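To start, the structure under review is shown below, and the notes come after it.
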């Protein structure tokens, strides 16, 4: 029997014993060595050759991942590991580290119970380290730490034992500071989740040279850091690997310190699902009941050239089998399961069934998207997966040949299904479509894949930055009148407090929640009690309050009012950009008693006009997206690096020394950061490494607003004259 087939059989057997299952993700800042580490784990499990581990990058299966040398998609693999005489099934997801692909990390965290955070010993904790930790902790996923590239401290930087210990302890302290800050507010975590060398939740080593150590492994092998430094310096890395193999150290840590599904699900389910906690479904999810109703949370959609769409996700309850007819949240009817399987590296292996507590690969769920709840009974869906950052860059995309247009439209729909952080706007009339993503690289990869994988030659436009509009002060009460003059609505707008905006963004307050729970969440974020009781609708980060009392026919008209409200908020009055962070109050209404005179053609424009005029009275402004920028550069080039930020309307917040490099930290508008890569390379003679991270939106300077508004209105084919009442720039 082939080695691979044997592993599949072992996995199938272990799937039925949740105590021996560990669902884990490996996450880190870009280039800190996740995929090389994953190769080592695969080699340790006998799934790839030990000789090629670290070079094969077995989890980077796409051509563009191999070319760019970075992980773009999260990849799944199941493997086995024997720990303390017991065989364990480890379902592992290798995630991207580049900020543009953070959506894949967020979705992966929903499927797992533990996150192995990898940090480069030389660079230390970086911006994306903080982001992946936040993504893990928000989903109730327990972290451990592996400090990689320790060989560089010994051989390259020639650090002595004291210097090295100081550096490693500093990395651990930084990571623990992040963990403490994020878990303080989490009531459902009653244990200390900080990492510790003594406890065995920290490992050290070199993924490239395949050796690793932890406190338990040093006690077991009798090796200490002195031995490691001697072997590393005398270039006896193979002996080091043989005496203390990396895979054993890391997988032992995974088995010992990460929870199994039986321990994890009772804590995680209330965090990610807001249904009735007394129901049978709740009970079978919390107890990982393989005989309960089937509940699958889809975290990823991929396409196989032979099998078609494959939905990957975590089975929280029941047992998935071929032929089952399952509900998909947000769609009518049922989908029939064509096959179930598990992942072995880049390939899917079909199995008879996948029980609760495992990660499965399913075909046949044609209506599912990343984030869908799939179940054998109709149920409250899981909380939507909140992505840390929203799209900030848009490009137009069109087929070079008109004959390819239908295929391109279909492909774009598929792209947004596979990656919910990509937003697609399809205009079937003009043939020009818009694709929005997290950054230039994100869009570049998606458009190249459309050309390469689908064979559709495309033209793309210049990158366009996504803006927002927001009120700056409370407005007066404004009247909106319907075209037939029989219906009147009295509206005011005010800025929504930032804490309430954050609560909505994080999913702590939404219209999907029971009303009482939503009220409490909004009050906790700072909303007044009476206001929270009158919340009628939440759209984006805008809240609509109905302050009216006993108005006849209002209930039956409310749906049209909300439609008009959403139209006004989707296209703000300045430049038809989305409005955010506003509280809209309906104070009073006058409605015609005859329904025929208060139909859509009357109510929607009246509401839209009232909201727009209120926003103008509230001195609405354009907001631009900004990015945090960090540049690591030799001292001689520090001035050039800070000049690159300042020359882009940016601001330098901090400069400090870290090792032999200077670190420059600041913020800059996304619009000005287009083309930054090539400019910083030439300014620093290729000596700089840098990171950017989306940091939300800020009000654009008043002197820049008119020109930017004109530019956007021109691009959208709108008339250039703003409403006369906009006279505050």
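Just so it is clear, glycine is given a Cβ too, placed from its N, Cα and C backbone atoms.
As recorded in Swiss-Prot, the features of this protein are as follows:
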DOMAIN    19-262  domain 'tr-type G'
BINDING   28-35, 94-98, 148-151  GTP binding site
MOD_RES   597  diphthamide
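Per-residue confidence over the domain 'tr-type G' (19-262) averages 79 (mean pLDDT, predicted model).
Counted over every protein chain shown, other Cβ atoms within 10 Å are most numerous around 28 among the recorded positions 28, 31, 597. In this structure, the CA atom of residue 150 (GTP binding site) is 75 Å away from the CA atom of the residue listed as 'diphthamide'. In this structure the alpha carbons, written CA, of residue 31 (GTP binding site) and residue 597 (diphthamide) are 63 Å apart. Within 10 Å of the C-beta of residue 150 (GTP binding site) there are 28 other C-beta atoms, taking all protein chains into account. Rounded to a whole number, the distance between the Cα atoms of residue 597 (diphthamide) and residue 28 (GTP binding site) is 59 Å. For the recorded site, residue 28 (GTP binding site), the DSSP three-state label reads strand. According to DSSP, residue 597 (diphthamide) is assigned to a helical segment.
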